[in-house]
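Encoded as structure tokens, the structure appears first; notes follow it.
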Ligand SMILES: Nc1ncnc2c1ncn2[C@@H]1O[C@H](COP(=O)(O)OP(=O)(O)OP(=O)(O)O)[C@@H](O)[C@H]1O
Ligand SMILES: Nc1ncnc2c1ncn2[C@@H]1O[C@H](COP(=O)(O)OP(=O)(O)OP(=O)(O)O)[C@@H](O)[C@H]1O
Ligand SMILES: [Mg+2]
Ligand SMILES: [Mg+2]
């Protein structure tokens with residue numbers, strides 16, 4: 001073992017051994033700050049207002065539901081009244097008329113049936129509507145994400161969006177489900193107040209006098225509790241972010257042996273999450289004895305005052321019994337509403353985050369009068385284009401070039417010079433800052449994005465495949481195409497052979513991102529996918545970077561046929577790849593430094609010639625004359 | 001301890017069963033196991049159960065005092081009518097009742113608070129434990145398992161399923177205790193008062209019980225369906241968002257939304273079914289309960305009329321029933337949460353109980369490095385998910401030693417990446433063996449092995465963190481100078497220095513805001529920072545131009561002097577200086593030797609070379625190698 005190694009080892013072992021020695025450069029979870037400031041209010045008029053818009057389609061259901069709620073509440077209120085009537089009239093001293101009792105009992109049962117019906121309709125209706133509402137919301141959010149600009153998607157992690165699509169929608173679900181009861185409870189609350197006051201205003205007033213106290217307590221409690229809930233919420237989102245990282249980056253984690261360090265850091269987050277939730281729970285639950293004390297006080301008042309009133313003959317015993325029943329029922333909803341406070345607050349925060357996504361501005365949008373050309377001629381033109389991802393930092397500057405229909409143009413340049421960005425502009429993934437990009441003679445901003453999608457097929461630098469069968473992946477661009485067409489496309493890129501060797505051939509299911517194929521195989525499939533799209537313009541961004549030269553050659557042979565009267569933009573670092581190009585555009589640092597045919601560029605001796613020679617110079621031992629020969633053969637070719 | 005659910009350990013390589021959700025027959029086991037986890041927090045659980053019982057008892061006292069107060073009031077009334085009232089005695093009796101009631105209410109509140117809090121605390125503690133177990137388990141499970149499961153599904157389990165299990169303590173265990181106390185205690189009180197009335201009042205209990213258990217089973221089925229559907233929906237959404245550029249490139253939004261809608265509709269149907277089931281059971285239970293109340297009123301009324309019981313006793317029976325109204329309603333929630341807990345728990349334990357197929361042997365020692373020679377000896381391998389018995393790699397022999405460089409070329413799918421994966425023991429060989437200084441890599445600890453081998457993956461994953469965090473990912477103790485040195489070697493330093501926040505710049509999930517080449521260079525810097533003995537570069541300069549690549553190679557010279565290097569590449573200029581070049585085809589080595597000997601042999605390598613070195617030339621006639629892997 002060499003000294004460097006052992007020293008390194010020593011530090012590492014030390015670090016994982018002693019907990020105090022935290023690695024300075026270790027974090028888990030996304031390091032983009034969490035958006036906790038959204039959280040805080042339990043009732044946010046803005047969220048409610050936005051929410052209402054989604055309720056609009058369900059007006060009818062809601063009205064019926066509301067009717068049911070009223071009926072339900074009325075029956076709920078009637079039941080104690082019936083008990084009271086039974087006691088006062090049917091069972092009062094002397095009134096031993098059993099038929100009266102029967103009447104009351106029958107009435108009671110009738111009300112119970114009504115209550116059941118109303119309850120059933122109410123809960124089914126509200127429950128189903130709530131579900132539908134949630135799905136609507138999620139759908140709306142998802143649909144919006146399909147159109148928001150890529151610049152937003154670049155900035156935002158998928159995990160973060162997923163937590164809104166799932167976590168926040170779930171928080172709303174919890175809220176809506178429990179609010180089915182809450183609505184009934186709320187109406188009941190009002191109903192009870194009315195009944196109490198009408199049964200006996202004085203006693204009613206006295207009983208309700210405990211309410212202001214409750215209010216006072218809430219006022220003190222609220223700001224404290226809010227802080228605790230905020231902390232809990234933040235803790236869970238950072239914990240989940242760390243979990244997400246562990247799920248997505250597992251390969252890198254195992255490879256770089258970060259398990260122990262990450263686990264330790266995760267444990268800290270999980271511990272904070274635990275503490276924060278316990279603190280929040282303390283705040284929720286401290287309200288329980290307070291509400292119960294107030295309930296007890298109210299009942300004590302009824303007994304004391306009501307009892308003496310009964311004594312003074314100013315109150316029927318039945319009324320007192322009814323009072324006691326009502327008071328008992330009265331505080332149930334208050335208690336559950338208190339417990340619901342955190343659910344409500346979470347729901348508000350969730351609503352806010354959901355609507356925030358829906359409000360993300362769509363920067364790249366079809367113009368109202370955008371054309372939707374059925375056919376285009378395949379010309380591409382950049383006119384003095386300047387573009388960047390962040391303000392003040394242009395990536396492409398004053399790019400001007402034109403690709404004729406049917407021409408194959410290669411983009412070359414050092415890494416990070418802006419090749420991929422250029423192709424992104426052709427498809428209008430982003431809008432240019434200055435100048436214009438024309439496709440088929442029209443400004444890309446004057447046609448629909450759909451038409452661009454139809455006329456431009458791209459092989460992206462990173463071959464992304466979906467977890468579906470190989471066939472489904474290839475026909476992604478043209479879902480209507482036949483199996484034969486799929487096989488043709490696969491054959492053209494030389495993927496047919498390996499696909500047929502798989503156990504299920506074209507029906508082989510791919511794992512997530514196609515990870516059960518090699519990268520080169522994935523690239524071939526994504527190439528086939530683009531070919532099948534049968535578009536006028538083909539953009540190949542390092543489409544053969546992970547493919548060997550033989551296969552590439554096969555592809556090029558096939559392309560020669562396929563590219564007839566199609567326009568192609570090809571990016572490659574392997575200069576052999578672009579030898580078939582009609583013209584070469586050389587980018588450096590976001591500017592076009594030269595363009596022209598291979599010969600012209602070689603003759604001018606600029607960057608291209610240098611890169612080209614470098615490509616061969618790296619074959620150190622190729623003698624100069626061989627390079628010259630190679631160049632000469634290239635000349636013959638073009 | 002929790003009863004282990006299964007006898008045999010399930011390895012994470014089992015293609016099915018390892019991951020499919022089959023909780024139908026482990027329902028009870030799962031619940032038992034969660035309950036056992038809860039009772040591991042003995043002290044808290046004792047307090048929780050005790051306070052639940054006490055809270056229930058005090059809640060039961062409330063109707064008693066109410067009944068008492070009513071009787072007193074009525075008694076007073078009667079006495080007053082009879083003119084024998086003792087005003088002050090009567091009032092003090094009322095006062096006593098009122099105070100007792102108040103006291104009972106307060107105590108009940110305090111106990112309920114403690115029960116709620118401890119219940120939630122235990123739930124949170126379980127959640128904490130499960131979260132850690134789950135996290136660690138995900139770290140341990142082998143890549144062949146991770147290949148097969150979808151990240152969206154794993155996230156659903158780690159978030160929603162843990163939540164479902166956590167809630168079980170409060171809504172499941174403690175609530176059933178409370179319900180038992182309320183009904184049981186109430187029954188005792190009622191039976192003492194009047195057995196007939198008690199029977200009538202409690203007549204709803206068995207019906208509700210039966211109804212609840214039927215609903216529970218049905219609900220569990222819908223929960224299983226629902227969780228699966230939601231996972232599916234998550235997967236669709238996650239893939240769509242991850243591959244948003246592809247979606248946009250092909251204007252496939254409509255298609256994607258269609259796919260989403262299909263699954264979403266199905267999920268909605270299930271969700272609606274669940275609502276229906278749930279509502280039906282809760283409302284029916286409430287209905288039966290109210291019926292029983294009506295009966296109580298009737299029978300009790302008749303009894304009062306007949307003078308068998310007092311009005312107060314009837315009030316008490318009714319008040320008792322009133323107390324049960326909330327719990328009866330909550331039975332619905334309870335069974336829902338039981339169903340949920342068993343489903344969620346099943347899904348979680350399914351992952352947690354897996355045995356990683358790649359793990360340290362018991363008693364495995366650290367790798368002892370002497371020379372640093374890595375050897376493949378007649379290695380065979382096939383991926384576990386390929387059912388056919390053909391091999392991804394067959395009969396591979398290789399030797400890498402410090403100061404030497406091996407180049408691997410071959411068509412896509414020929415098994416190059418697989419060789420790199422085997423080196424880090426991400427998969428185990430199915431035949432032959434891999435040794436480091438004579439030690440089979442399966443006999444040493446994974447940690448020491450992976451410290452020895454640094455791999456730059458073909459598709460690097462970058463973390464959402466600053467550049468220096470990313471570079472130092474493998475050695476978070478690294479100082480700034482070594483980070484910069486690595487970045488310099490990877491030819492990235494100048495670019496980073498030009499960024500507004502240089503090394504503190506955040507890079508994205510898969511590094512979207514870096515260009516392809518920048519991403520690759522960052523992952524090279526990351527791999528060479530920790531001091532490994534063997535460096536594997538898996539096609540990691542494909543997106544880098546020749547000039548930059550050359551500079552990287554130059555600056556790596558120092559680094560590679562005392563280390564073994566394996567370079568996988570398609571561009572021959574990247575590996576033609578290797579001491580040995582291996583041409584891989586369909587998992588077999590078809591040619592090997594150094595550049596000169598391979599050129600002299602005039603085989604595939606020579607053809608490939610000519611193809612790349614000469615522009616516009618067709619390859620010479622001869623066997624054209626096939627692309628593809630296993631055959
Ligand atoms: N989505 C993005 N947000 C912010 N910056 C970006 C984004 N994509 C690329 N960049 C930056 O723009 C510059 C040009 O990137 P681009 O991907 O166009 O390079 P490239 O020429 O394709 O390079 P390579 O050959 O390495 O793929 C780089 O400096 C990169 O960091
Ligand atoms: N995780 C996996 N599960 C199942 N099969 C796999 C997996 N990864 C690769 N394969 C298969 O194993 C074979 C070898 O793949 P490997 O990734 O080693 O190829 P490669 O030589 O690196 O190719 P490339 O040049 O495209 O990167 C291929 O046929 C591939 O489909
Ligand atoms: Mg690029
Ligand atoms: Mg590979």
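Just so it is clear, glycine is given a Cβ too, placed from its N, Cα and C backbone atoms.
Just so you know, TrEMBL annotations are computer predictions that nobody has curated.
Range annotated as region 'Disordered' by TrEMBL, chosen from A:1-24, A:25-48: A:1-24. TrEMBL lists transmembrane segment for one of the ranges A:99-118, A:119-138, namely A:99-118.
The stretch in closest packing with the transmembrane segment (A:99-118), judged by the count of Cβ pairs under 8 Å and taken from A:62-87, A:180-199, A:205-224, A:286-307, is A:62-87. The list of residues near the transmembrane segment (A:180-199) in space but at least 6 beyond its ends in sequence, with Cβ under 8 angstroms from a Cβ of it, reads 69-70, 72-74, 76-77, 81, 122-123, 126-127, 130, 205, 207-208, 319, 322-323, 326, 329-330, 332-334, 336-337, 340. Beyond the transmembrane segment (A:286-307), the same-chain residues lying 6 or more positions past its ends with a Cβ under 8 Å from any Cβ of the stretch are 203, 206-210, 213-214, 217, 221, 315, 319-320, 323-324, 327-328, 330-331, 334-335, 338-339.
Averaged across the domain 'ABC transporter' (A:380-614), pLDDT for the predicted model comes to 88.
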